[in-house]
Structures are given as structure tokens and as C-alpha cells.
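Student: First the structure, which I've put down as C-alpha cells, then a few questions once you've had a look.
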Amino acid sequence: MASGWGITGNKGRCYDFWTDFSECMSRCREPKDCALLREDYLECLHHGKEYQRSNAIYKEEQRQIRAAARKAKEAGNGAHES
């Protein structure tokens, strides 16, 4: 990855993030100064935040589907009781 070559022989998708992080690390006094650049680089590599967000969206959609089904079932039961 640090060589800059990606799997297809072109520049790797995360190489720009790596160079920014690497440059920051070479000039900074403390590694924590580059924490945001490191986070960006790792997100590019592993997509952790993206997966967390996708999972949260999926869970919310499922919750809404279950709530709508529960509401429809309750409305259906109430209509037959009259």
C-alpha cells in the first residue's frame, strides 16, 4: 500500500490518504496531532464507519417495518371486534 501501487497497477485508492498521514507524521511533534488523518486513512482501508452507518440504517428500517406490521395487526384486530 505504501508503495502507491494498487491492485490494478494504478495508484491505490487509499494512497492519497497515506501520503497525507505520512507527511503529517514526518512534521508533527506528537503523533496525536495526526489522529484525524490516521482515522481517514484507516477508514479508507477498512470502511468501519461506513459499515456501522449501513448497519444502523438497516436496523432502523427493520424496526420501522416491524412497527408498521405491529400497527397493522392491531388495527386489523380492532376492526374485527366491532
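Just so it is clear, glycine is given a Cβ too, placed from its N, Cα and C backbone atoms.
Curation does not apply to TrEMBL; its annotations are automatic.
Heads up, here are the entries from TrEMBL:
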DISULFID  Cys14-Cys44  disulfide bond
DISULFID  Cys24-Cys34  disulfide bond
Student: Suppose we draw a 10 Å sphere around the Cβ of Cys44 (disulfide bond). How many other Cβ atoms does it contain, all chains included?
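Tutor: The Cβ of Cys44 (disulfide bond) has 18 Cβ neighbours within 10 Å.
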Student: If you draw a 10 Å sphere on the Cβ of Cys34 (disulfide bond), how many other Cβ atoms land inside?
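Tutor: The answer is 20.
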Student: Distance between Cys44 (disulfide bond) and Cys24 (disulfide bond) at the Cα atoms, whole Å?
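Tutor: About 17 Å separate the Cα atoms of these two residues.
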Student: Give me the CA-CA distance between Cys34 (disulfide bond) and Cys14 (disulfide bond), in Å, as a whole number.
Tutor: 16
Student: Using a 10 Å cut-off on CB atoms, tell me which of the disulfide-bonded residues Cys14, Cys24 is the least crowded.
Tutor: Cys24
Student: Can you tell me the CA-to-CA distance separating Cys24 (disulfide bond) and Cys14 (disulfide bond), as a whole number of Å?
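Tutor: Rounded to a whole number, the Cα-Cα distance is 16 Å.
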